[in-house]
Amino acid sequence: MPSLLISVLFLHIAIYIINTIGASTIDSLLWLIYTKLPTSASCMAREQHQMKLEVVQLKREMNATSSQDEFAKWAKLRRRHDKALEEYEVKNKQFSRFKSLFDVAVKALRWAGTSGLILLLQFWFSKTPIFTLPPSWIPWQVEWVLSFPRAPMGTVSIQVWGGACAVMVALVGEAIGATVRYLYGSKDSMEAIKVGAGAVEKEKKRQ
């Protein structure tokens, strides 16, 4: 089944990308995007930000006011600050609770769309061969391993194909990462050489 073969491959690529970037980084990015949309979360985020600015502003005014020379003004600012701080803490708790629910939902959807979907495919298509091997191409013992656990003999099961995809994607990802690091390292080395050569030329001109 070519479609199943490609689907499993792309799922493992998606899992590798998520693990490489970091699930927490992706969650933070999704939360940032979500709070920019016209939703209740964006309204709550704006209210929280405004309350925080108000608390900070009142705190600055309090610090700039003498509690001895301008006690009445200072006391009024103190009451306003305490009230604003209390309202901010209530709003911040609501916002944090909403964000926690969002993180749980994102984690559940991410697992269901990647690892959970792979497990479902492996269970549902456990008897379906990914592709068929040529007859008498390899020993029957190897054929049995490749068809494990429930695919017909002489075929490759979805479990074996999934494991091969995971290994292949990891190796390719490591190779790409090593290449990028090498290229950036070479670029930094060339810049260091150029800087060193420029310093030598300047020193020669001074002499």
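Each position is counted from 1, following the chain as shown.
Keep in mind that glycine also has a Cβ here, set from the backbone N, Cα and C atoms.
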For this session: Using the annotation in Swiss-Prot, determine whether Leu4 and Leu183 are placed on a common side of the membrane.
Result: no
Exercise. Over the topological domain 'Lumenal' (1-4), what is the model's average pLDDT?
Worked result: 72
